[in-house]
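According to TrEMBL:
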TRANSMEM  77-106  transmembrane segment
TRANSMEM  126-147  transmembrane segment
TRANSMEM  159-183  transmembrane segment
TRANSMEM  189-206  transmembrane segment
TRANSMEM  218-236  transmembrane segment
TRANSMEM  248-268  transmembrane segment
DOMAIN    290-486  domain 'Major facilitator superfamily (MFS) profile'
TRANSMEM  319-336  transmembrane segment
TRANSMEM  357-377  transmembrane segment
TRANSMEM  383-402  transmembrane segment
TRANSMEM  414-433  transmembrane segment
TRANSMEM  453-474  transmembrane segment
Amino acid sequence: MSAATTTIELPARTRSGILLPPSQSEHDQPFASLDFLIERPGQRFRHDGTVDDDLPVDVPTNSTSALLPPPTRRQQLMVLAASFSAVFLTIGFNQSYGVFLAYYLATGTKADGPDPFLPPSAADNKALLAFVGTLGAGLTWSGSIFVNPLMARIADPRCLTATGAGLIAGGYLMASACSQVWQLLLTQGLVYGIGSSLLYFPMLAVAPEYFDAHRGSAMGVVLSGAGLGGLTFAPLTRALLAKVGAAWTLRALGGISGVLGLAISLATPQSRSVARRPTLVNWAVARKPTFILSALAGMSQAGGNFVPLTFLPEFTVRLGYSATFGASLLAILNAVNTVSRIGFGFLADMTGRQNTLILSVLASSAVVVAFWLNAAWETSSGMWIAFVVSYGVFSGGYNSLFPTTVVDIFGTQAYASVNGFLYFVRGLGALWGSPVGGTLVEDGAETQAYVSVIWYDFALLLASSIAVILVRLFDAKDKGHFKLKA
């Protein structure tokens, strides 16, 4: 007697290892709203963020690289180089916008000047001009909330980073043809910002997966690219503006970003995750005080961090120096910041990442009132230079240690989703930080006009300091013990 043969139709397996019902494709439904940010209890999701109640219960949410052989030294060096270059280009541009702002206010809005790039009325709205830069910078981070699901849907991350490089270049090239501030918002702000996020986040989301024991120092090296980028692009931008004007400067930066961005995109590393990357913050995680306080800390720090960077060149001019010297001081801040990020990374591996992060934010807030406030009240160039150097030292710590503390606090399984959401929140902080500061600048050319801005910046950084201290305490409570090194 022959045995009966039964044919069982198995669910389709996606590229990332998730089992889907036979009737459904992994690309059936796009994510439609910000509801995909939070995973509710009992819900199961495809890797693109859509709900799938038929997803098998035993599918792992995020298998890490433990099943893979450890990365080779060559792979780690390639990831370091590619990620460093992405940060160099994107955050370097973001941290150099203050040079554009000072130029737009001093020269680009003068109808009878050598380069009437914008109408004279644009000079009356510092907040809107500041928003051009912070829109691009904010989207670099906040765009992660959309890039993260795209990374789960698209097999080759180079498609994302190449698109990002093209948008960065296109944003600058289109900005060169602008004559109104709203046009700059759409090009140098919006288009550039979307492209910057597409180039930046696929690198930063994957880089920590290639390092373990020395993750802090590795990410310090990667994120030191921000300081070196600012060190490079601030004086370069100022020199180009003085030589060829705003339009050709924007075209030159568009060409540089296109060539360098394409090279970076070709070296984009693949994720070492052997299953899907979760794009949703688990509801149990989202309700934890550590998550809520981390979001508050990230938003406050991002908003406060960009205020000095945005207004540094213009404040230097108010002290009686040239715009060129203002750009040089911004370059000095970024140079110090480059070394600082690497140093804080090594210090974090020795003394604890959360401890070092707390030190960084607290010290950043302290130097704002210790040096910048005194520079404004006394019109003191010595205090101002002391602030530039000391702020460059301490502000690098949070930026370089933020991704590594996410892993330490929330674990590798939740890293992709939590990191993506917290970067989104940081982007929101960067969006409003400097524009609000611009509205607080009082009339007149005296440095005292910045006193309200300085207190505002101090309040943001102090709020971030308190939040990260509370994160440290609640994290110890969640883990059931307090360690001196954490």
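Keep in mind that glycine also has a Cβ here, set from the backbone N, Cα and C atoms.
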Give the one range among 77-106, 126-147, 159-183, 189-206, 319-336 whose Cβ atoms make the most pairs under 8 Å with those of the transmembrane segment (218-236). 77-106
Hey, does the transmembrane segment (319-336) touch the transmembrane segment (159-183), meaning at least 3 C-beta pairs closer than 8 angstroms, sequence gap 6 or more? no
Spatial neighbours of the transmembrane segment (319-336) not adjacent in sequence (6+ beyond its ends, CB under 8 Å) are 92, 95-96, 98-99, 102-103, 106-107, 226-232, 234-235, 237-238, 242, 308-309, 312-313, 375, 379, 381, 384-385, 388-389, 391-393, 447
Close approaches to the transmembrane segment (77-106) from elsewhere in its chain (Cβ under 8 angstroms; 6 or more beyond its ends): 71, 117-118, 122-123, 126, 129-130, 132-134, 136-137, 140, 161, 168, 188, 192, 196, 199-200, 203-204, 206-207, 210, 218, 221-234, 237-238, 241, 246, 253, 257, 260-261, 263-264, 267-269, 309-314, 317, 323, 326-327, 330, 334
Near the transmembrane segment (189-206), which residues from the same chain, at least 6 beyond its ends, have a CB less than 8 A from one of its CBs? 79, 82-83, 86-87, 89-91, 93-94, 131-133, 135-144, 146-148, 151, 157, 160-161, 163-172, 174-175, 222, 261, 264-265, 268-272, 277, 403, 416, 419-420, 423
Averaged over the domain 'Major facilitator superfamily (MFS) profile' (290-486), what pLDDT does the predicted model reach? 87
Under 8 Å Cβ-Cβ from the transmembrane segment (414-433), and at least six residues away from its ends along the same chain, one finds 37, 39, 62, 131, 134-135, 137-145, 147-148, 201, 205, 208, 273, 277-282, 285, 291, 294-295, 298-307, 402-403, 406-407, 460
Per the Cβ filter (under 8 Å) with a sequence gap of at least 6 from its ends, the transmembrane segment (248-268) is approached by 78, 81-82, 85-86, 89, 93, 157-158, 160-162, 164-166, 168-173, 175-176, 188, 199, 202-203, 233, 237, 240-241
